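Structure first, commentary second.
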C-alpha cells in the first residue's frame, strides 16, 4: 500500500507523465489554517532549480486543493492536494521502452507489473511523486507548531564543502551522491512505542519511501558500532531528561527522550548520469550501450532536504496526535 | 502498537521479570509443520552463552505453544508461543528505582508511562523480548523454504577480527559495539511496493524494533553517498534481472530485483558497562555515580545476528504471501 | 480514517460542493483492463434519474482517471478516479447555516469539526460521495470475474410492489425508506477469517459506510432469532459444502461456505422531506420550523442497490486477493 | 487477522480444547488500575451457568495476567490475559471427525484450513474464545469511566417473556434464538468518522466477531425502512444536540450525536440442538443422521449480553482515545 500513518495518514499517487501527481492526507485537524502561499517556499526548495546540478525540468507546482479545505481551513475530512504535470516530454522514454535505465526502477517495475506499468519517466516510481510528500510536510509542519524540523546537506561526494563536491561530479561528467542530516528540536519526551512503533522504526519506514536513499542512522549511528559503552551513553542531567551529550540522537528504547532528534541519510548518486553505461535490451536479450537523454539532476541529494523534513514532520505529527499533544480541532 | 505485518503479522509481549515473554503470529499458513525442536538452534544462537562477552543469565527458553498448533502443524489460527521467565532476580533493580541506567530506556519509560512501567530489568523494553522475535523468525524461515537468510558479524569495535574487538573491550573494562550484515539469496524479483511499502521501508521498520540498533544501510549504503553514478549503477545482464555488480543490495525503486539482498546494521555498545558513569537520581534531582550490577553482555552485537535473521524472515514471509508466492494451506 | 481494505484498499474523498469527489484505490492488479465506458452503466444506475422519486440534480459524472491507468489497463500503482462537481447551488445551504437539517449530519459535523466543516450540501457527509464507491465497485467487479453481485429493492415503505410504496410517499408528501437485498453467487468457500475479519464483519463495516443504512442482516437474519435450531441449520449435501437450505446466507463461522451469499440492509427514509419539521437554530438557541428547499430524493433506497453492490464487490475483491484466488498481474 | 482497533487494539487467540484461550490488548493507558476481582462479575455473567438453558461446561476462568500488568496497574505495554482450558473432553469430538456438525464452522474450517484446523470442540471458532472478549471488555469499561454500557435480552424465540421463550425450546426439545439490545449512555458527541470509520461500521464490525450473530440494527433499524421521513427524523432540541425522539439510536452521519446509543442484534438458535439432523459424512460422501452429544446451550443468546457489552466498550474506548477524550496515562 502506498500509504503511511495511523492518525495522520498520507498516500501519494500519480505518475511522472500522467495528468497529475498528488497526496491524500487523512487526519488533518479541523480548523488548521492553510493557503496556497504556505506551500510556496517548500515547493520551491524541492525544485532546486537555481542550484548548480539540478534538473532543468520546470513545473509550476501550484497546489490544487481538491478536497478537505474550505474557507482557508482544514475541514477535518481527507485533504487531497494535486499538482498538474504540464511539462512532460514522453517521447524521450517511449523510444527506449525495452532498454531499462541502469539504477532506475524500469526493470523491477516491468518484472512486478508485467509490462503494464506506466514507464514514461519512471511512472509511479518517479521522484516527481515527492512533490506530494512535500505538500504533506507543509501541513504536518503546521501541526508541529513550535517544533522545528530542519534538514541540511552534510556532504556531497564526501566533501563537506558542497561546491567542491559538485565540481568533482562536473569534472567527472558524472552524477554524485551525498549525505543529509535532519535535526528536530522542541519534541516532547515519550513519543513512540517500544519495538515495532519505535521512533526509529517509523522514521526509517518513512525515510526509505524517498527515492535514492540507501541508509539511515540515528545519533552516532554507524560510528556507535566502534564506540565503547561509556563513550556512547549519554549522562542524564535533570528530571526533564536532558542529557549532557546526545549520542542517542534523541531516541532511547525507541522513545523520544526530550533532547534534539538527530539522524542522517545516505543519498546515492543520481541514477541518470551523462556517462555511457551498459544495460540490457530485453527485446534482443543482449546488453547494449546506454546514454541518458532528457533532463536530470547531477546530484539528487541537493533536493532531498525538504523532502526529508516533510516525511519527518508527517511521522511526528502522527505521533503528537497519538499522545494527545495536539488537538483534533485547531484553535487558530 | 507492538505489532507488524500485513498478512504475516507478529506481536511481541511481555516483560523481563514478568511471568513470561512471547509472540503472537497471525497469518501462519495452515499445515506448516512445526515442533519445539525446530526452535532449538535459533533459540540457542540468541543466548550466545558460549561466546566470550555474552551474559550469564540462563533461561531454558523452551517454546510453549499456547495456541495455533495442533498435531505438529499450524492450524491457520493465530499462533501464540510463550517462554517462561524463570531466572529472574528482581531485587537487583528495585533498589535502584530512582536511578535510571544510562543508555537504557528506564528514563523514557518513566516519562512515557508515568511511573507505572514495569521497571524490573527494563520491563517491556528488555532485550529479553527478542526471544519472541526469534521464535517468529523460525516460523517465517519455514515459510521461506529455499530462500536463505543469513546474518553474520562484520566487525566488533571496528575490528573485522572479532576476537580482537572483544579483547579491546575486555582490556578497557567496557562494553563495545559492532556491525552485522544480513544476506538473503533466492528471493524472487518484484517484492515490495513503491514508496511506503518499499522493501527498505519494511525491513528498516522491523530492524529498528531490535534494541540497540542505530543504523541500517542497503547495498553500498553510506558509501554510495561518496560514489559517482557510473560506479554505483549495476549493469543488468539478462532478462531475469541479474546484475553484474550489486551496489543496490538487491533492491531498486523499493522492489526486489532478484539479486542477493544485502544490508547492514550498526549495533551500539551494550548500555550496561562495568565502568562507572554519571546519571540522575530523580528523587534527589542530583546526578550521582552509577555502576552496573547484575548480568550483562559485553557486546550485544554478538547476539543480534539470529534476531536480525528473524525480523528479516518475518518481513519477507509477509511479502511472499502478498505476491501469492507461497500458499495459504501448506503442502508438507 | 476514510479508507477500508487490506490488499484492495479504497478511500473516498471530496465534498458535495467542492471541486470534485473521488476515490483512490490501492491494490488494483496490474493489467486489469478499464475504460470510461466500463463505468457508464453503474454510474447511471446510481443517478436513478429516470425513476419516480429520485433527485433532479444532474451531474455528468464522467470518470476522470488521474492516476493508475495507462493505455487502458491498471498499472498496479494507486488508481485515482475523480468526478467533477459541476451542478452545485451552494446558496441553498449558506442561508441556513445555523439551522441543522433534521436527520442530516449538519449538527454532528458541527460538533465534531468545530464549525470548520464544509457545510454546503452536507459537505463530506453527502451522498454525493457514493459516486466514488460506485467507481471502486466497477473496478472490483472486474476482479470478481464470473462471481456475480446483484442487489435489488425488496420493498419500499413496507410494500413489495415498489410503485405502491412510492405512491404512499407521494400521497403523504413525505419521503420513505426501503429494504435492499444483495446476492452473490460463484464465491469460493473459505473466504474470511474467524472473529474480527469474519465476512459479516467486513461486509457490515463497508455497508455502514453507505449513508442512510440502519441495519444489516445475513441469511435469515432477524428472523433467525425466532427460529428453532433444527429449522435454522442448513443440512450439508455434498463435499463441496452445498447446503439444502441457505438460512446461513452463505457464511458460517464468519467464513464463506460456497453457497450463495445473501444479505439485506435497511435504508431509512430520505432525511430531506417536503414536510415541515421542527429543528434548532443554534444562533438563537430556539427551535424553529424547517422546510426543505433544494433537490432531493423521495426515496434514497432506490439509488442504493448499485452502491451496495460496489462496497460488497470491494470487500470480496480484497478477500479473493487474500486467499490467492486472483492474480496480481492480470491476464487479459 | 484476528485483531481489531486502532489505538485500543484487541486480538483473541486460542482453541476450545488447547492449553488456553486469551486476549492481547494493545493500547491500555498506563496506570489503569486492574485486579482479578474486576473480572469476576462479567466472567460469571458470560458463563450463564445458573440460567435455565445454558451449558453445564464449567471452567474456573480465572484471569491469568501474563504481561502488561504490574503492581495492580496497567504498564502501558501490551496486556495479555489468559484463561486455562481445564474442563475439556476432546474424545466427544474426535470420534465424529468426518461428520461436520450442522450450523457449526466444522465444514468451512475444513475447507479453509485444509484439514489442519484444530477440530476439537470447534477449535479456534468456538464460543469459548469469547471469554477473551469479555476480559477486554472489563478493561475497556474501566476506560469508559462514567459512560454506561448495558446489554439485555429483548426476546427469546419471539417472546418478550424470556421464560416463556425458553419453555418453547424445552417443549420442542430444540434450541432457540433471541434478540439482544445494547444501550450506551454518557457518550460525547463527535465520535466516529464519516463513511468507513462510522460508529455503525466499527460497532457492526466488532459485533459480527461474536459467534451466532445474524443481524444488527441501530435505532429504529429495519423498522425505519417502513417509516416516513418526518416520522424517523429526530428534532434537535438544544445546542448540546439532544433530540426529542431517538430513532437514529444516537448516531447520525456515522457520528455520535450525544444521545443514547441504541442498537440490537439477532442471535441465531444454538447450532447444537438435541434434535436429529441430516449432515454429510465427508469420508463416505453420503448424508447421515446426526445427533449432538456433549454439553451445549439451549439458547446461546442468554450468554451474549456481556459479550456484546465487551465489544461495544472496546470500540468506544478506541474512539475515546482517538478524540483525546481519555488520557494515555491514567490518573487513578
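Placed from the backbone N, Cα and C atoms, the Cβ positions cover glycine too.
Where the annotation comes from TrEMBL, it is an automatic prediction and has not been curated.
Per TrEMBL, these features apply:
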BINDING   D:46, D:52  NADP(+) binding site
BINDING   D:124, D:125, D:126, D:253, D:268, D:269, D:270, D:271, D:272, D:295  FMN binding site
Practice problem: May I ask you to pick out the binding-site residues among D:46, D:124, D:126 with a CB closer than 8 angstroms to chain C's CB atoms, ordered by sequence, or 'none' if no residue qualifies? | Solution: D:124
Quiz item: Taking the Cα atoms as reference points, how far is residue D:272 (FMN binding site) from residue D:46 (NADP(+) binding site) in Å?
Solution: 18
Quiz item: What is the interatomic distance between the Cα atoms of residue D:270 (FMN binding site) and residue D:46 (NADP(+) binding site), given in whole Å?
Solution: 15
Quiz item: CB neighbours of residue D:126 (FMN binding site) within 10 A?
Solution: 23
Quiz item: Taking each of the binding-site residues D:46, D:124, D:268 in turn and counting other Cβ atoms within 10 Å of its Cβ, which one has the fewest?
Solution: D:46
Quiz item: Which of D:270, D:272 (the binding-site residues) has the most other Cβ atoms within 10 Å?
Solution: D:270
Quiz item: Cα-Cα separation of residue D:126 (FMN binding site) and residue D:46 (NADP(+) binding site), in Å?
Solution: 14
Practice problem: Would you list the binding-site residues among D:46, D:124, D:126, D:268, D:270, D:272 that come within less than 8 Å, Cβ to Cβ, of chain B, in the order they occur in the sequence, writing 'none' if nothing qualifies? | Solution: D:124
Quiz item: Using DSSP, would you call residue D:46 (NADP(+) binding site) helix, strand or coil?
Solution: helix
Exercise. Between residue D:46 (NADP(+) binding site) and residue D:124 (FMN binding site), find the distance joining the two CA atoms and give it rounded to the nearest Å.
Key: 18
